[in-house]
Amino acid sequence: MANITNEFMGHDMLAPFTAGWQSDMEPLVIEKSEGSYVYDINGKKYLDTLSGLWCATLGGSETRLVEAANKQLNTLPFYHSFWNRTTKPSLDLAKELLNMFTANKMAKVFFTNSGSEANDTQVKLVWYYNNALGRPQKKKIIARAKAYHGSTYISAGLSGLPPMHQKFDLPPPFVLHTECPHYWAYHLPGETEEEFSTRLANNLESLILKEGPETVAAFIAEPVLGAAGVILPPATYFDKVQTILRKYDILFIADEVVCGFGRLGTMFGGDKYNIKPDLVSVAKALSSGYMPIAAVLVSQKISSVILSESNKIGAFCHGFTYSGHPVACAVALEALKIYKERNITEVVNKISQKFQEGLKAFADSPIIGEIRGTGLALSTEFVDNKSPNDPFPYEWAVGTYFGAQCAKYGMLVSSTGDHVNMAPPFMLSLEELDELIRIYGKALKDTEKRVEELKSQKK
């Protein structure tokens, strides 16, 4: 097939998370998907090791999801959920989500279209809740450095990634950031994981006391930081954090957008770390990425106050045209059925051991500082001298080069700076996993050679 991507150079999209110079290059245009693979418009086949953007957990050709969408489109393609009007798929999905989440008793579900909107909604819920309780000063939200919570105004402010703040006048003044719990990168010499967790918890408490506990409303955290590079919490971290939050009556918002529905080998990421949140955000795997949908799970403690207050003032005035879209809800319901029928956490745990061990076998590479992960999520961090304090020069673009070599050999990864994320579909076969490990090794060998060349030029 002739190469036809040139016709899309200088295309008309203002693309997300894309620099201007990239718009003058040929874009990678994906045309179709099949299982764990995607194909570009020239017919080249790629193993998709990021499940699109952490979401296509059931791969790209799950006919049951397509059939669920078609059936709903032929029955009721759209109706809204405003003014106590709704649809059966949205009611059924809300009930199913409440039944599935067992770490804490949740009472209500609010539907949005993306994880960003879900986390934006969380902040408005928290504010509404505290206003209803007569605590208008209790509005600040504590997030963490390196976290990713979305790209709307509030969710981008919550995110602890400077490029998401620069030129956007972010973060807003009501958002505070505490430290990233990355033990490998930030522990002191001789400090154990538990001691590191204690130090971070003490610093969190100091921040709360400095701001005034009466002004701090909530703390938001991903069980495992995803986009930041699959950063796992150190031992006892969340136990200590939750003790402090309870002490000062601060709500816990669990951002399960990446971790939820089996990614870490548990149905929700918080199950792995004994997290008992007041509010939960879910998205991505909720529909396996087949339809845009997200949800906020609200505890009885919060929903009862919100509903009571709305009776006094006339309404809870927040929502989106497509909240609880019937087609998206029908697809999500079918995805959740598949997860249950196939015992998806068992599937993930079965294949994840080989996934983690197969890739961590490359950890001795002189250009790798750390390979970290759990379940079907893994990140490789490239550094010099195997030290977090010795990053490669920015212009060397080591992670980007590795990602380009993976693509050359037929595999797509996420390269952000000098860390590379992988989160493959749950239905990845053992043969596909062998292919993943083989291509990773080839791309790593190329990258090691490239770094040696750059070092020799620098001398």
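Don't overthink the numbers, they just go from 1 along the chain as shown.
Every residue gets a Cβ built from N, Cα and C, even glycine.
As given in Swiss-Prot:
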- GLY115, SER116, ASP255, PHE320, THR321: pyridoxal 5'-phosphate binding site (BINDING)
- LYS284: N6-(pyridoxal phosphate)lysine (MOD_RES)
- 428-459: coiled coil (COILED)
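This view paints the features noted in Swiss-Prot onto the structure.
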residue : record                              : DSSP (3 states)
GLY115  : pyridoxal 5'-phosphate binding site : helix
ASP255  : pyridoxal 5'-phosphate binding site : strand
LYS284  : N6-(pyridoxal phosphate)lysine      : helix
PHE320  : pyridoxal 5'-phosphate binding site : coil
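Counting every protein chain shown, 24 other Cβ atoms lie within 10 Å of the Cβ of SER116 (pyridoxal 5'-phosphate binding site). Beyond its flanks by at least six residues, the coiled coil (428-459) meets 36, 47, 49, 351, 354-355, 358-359, 362, 365-368, 376, 382, 392-393, 396, 398, 401-402, 405-406, 408-411, 422 of its own chain at Cβ-Cβ distances under 8 Å. The residue listed as 'N6-(pyridoxal phosphate)lysine' has GLY115 as its nearest neighbour among the binding-site residues GLY115, SER116, PHE320, THR321, going by CA to CA distance. Mean pLDDT, taken over the coiled coil (428-459), works out to 96 on the 0 to 100 scale.
Close to GLY115 (pyridoxal 5'-phosphate binding site) in the fold, though at least 6 residues off in sequence, lie HIS149, GLY150, SER155, ASP255, VAL257, SER281, VAL282, ALA283, LYS284, ALA294, each with a CB less than 8 Å from its CB. For the recorded positions ASP255, LYS284, PHE320, THR321, the greatest number of Cβ atoms within 10 Å around a candidate Cβ is found at ASP255.
Residues GLY115, SER116, ASP255, PHE320, THR321 are the ones the record ties to pyridoxal 5'-phosphate, and the longest Cα gap between any two of them is 23 Å.
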